[in-house]
Amino acid sequence: MSQKPFLTDVQTLRKRARQHIDEGAVTAGYEADRETVLKLLNDSLATEIVCVLRYRRHHFMAKGPASKSIADEFLVHSNEEQGHADQIAERIVQLGGEPNFAPDGLVSRSHAEYVEGTSLEDMIKEDLVAERIAIDSYREIIQYLGEKDPTTRRMMEGILAVEEEHADDMADLLGGMSAKT
Ligand SMILES: [Fe+2]
Ligand SMILES: [Fe+2]
C-alpha cells in the first residue's frame with residue numbers, strides 16, 4: 001500500500017464494491033451530488049425531447065422551393081436529438097434515477113423552447129436559438145460535473161459537440177437564405 005500512495009488498495013476496493021451493490025454504477029467513490037446530477041440530467045432529457053419534437057414538426061412543415069434538403073436536415077437533427085435523449089436516459093438509470101418522460105411539465109423542464117415557426121426562415125432561426133440555449137446550459141453542466149463525475153461529463157461533452165454542429169448547420173442555412181434574398 002505504501003508503494004501506491006495515490007491508489008486505493010484492491011482489498012478496500014473490493015470490500016466497497018460489495019457494500020451497497022444495489023446502487024449499481026454508483027460506488028462510494030462517486031463524488032458528485034447524485035440528486036443534483038439526476039435533476040440536471042432530467043432537465044437535459046426534457047431539452048432533448050423538446051428538440052426532437054420541434055425538429056420533427058419543422059421537418060413535416062418545411063415548404064417552398066428550397067425546402068427539400070432543409071426538411072431532410074431537420075429530420076436528421078430530430079433523430080440525433082432522440083439519440084441524445086436515449087443516452088441521457090440510460091445514464092440516469094445507471095445513476096439509480098428514473099428518466100422523466102412525462103409530457104406534463106415537459107416544456108418547463110426543458111431549457112430550450114418549442115416554437116413552431118411559420119416560414120422556413122423562422123423555423124431555422126428558432127432551431128438556432130434552441131441550439132444556442134442547449135449549448136450554454138450543457139457547457140454549464142459540464143463545468144459543474146468537472147472531475148466529480150467524469151463519465152457523465154464525457155457523455156455531455158459528446159452531446160455538446162453535436163449541438164455545436166447543429167448550431168453551425170442552422171447558421172449556414174440561415175446565411176444561405178439571406179444571401180438569396
Ligand atoms: Fe441534442
Ligand atoms: Fe441539437
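Backbone N, Cα and C atoms are what each Cβ position is placed from, and that goes for glycine too.
Of the listed candidates (Glu121, Glu126, Glu131), TrEMBL assigns Glu131 to the same Fe cation site as Glu48, His84, Glu163, His166. Among the binding-site residues Glu48, His84, Glu131, His166, residues whose Cβ is positioned under 6 Å from ligand 1 are identified as Glu48, His84. Sequence-ordered, the extra residues of this chain that approach the Fe cation site, with Cβ no more than 8 Å from the Cβ center of Glu48, His84, Glu131, Glu163, His166, are Thr47, Cys51, His77, Glu80, Glu81, Ala134, Ile135, Ile159, Val162.
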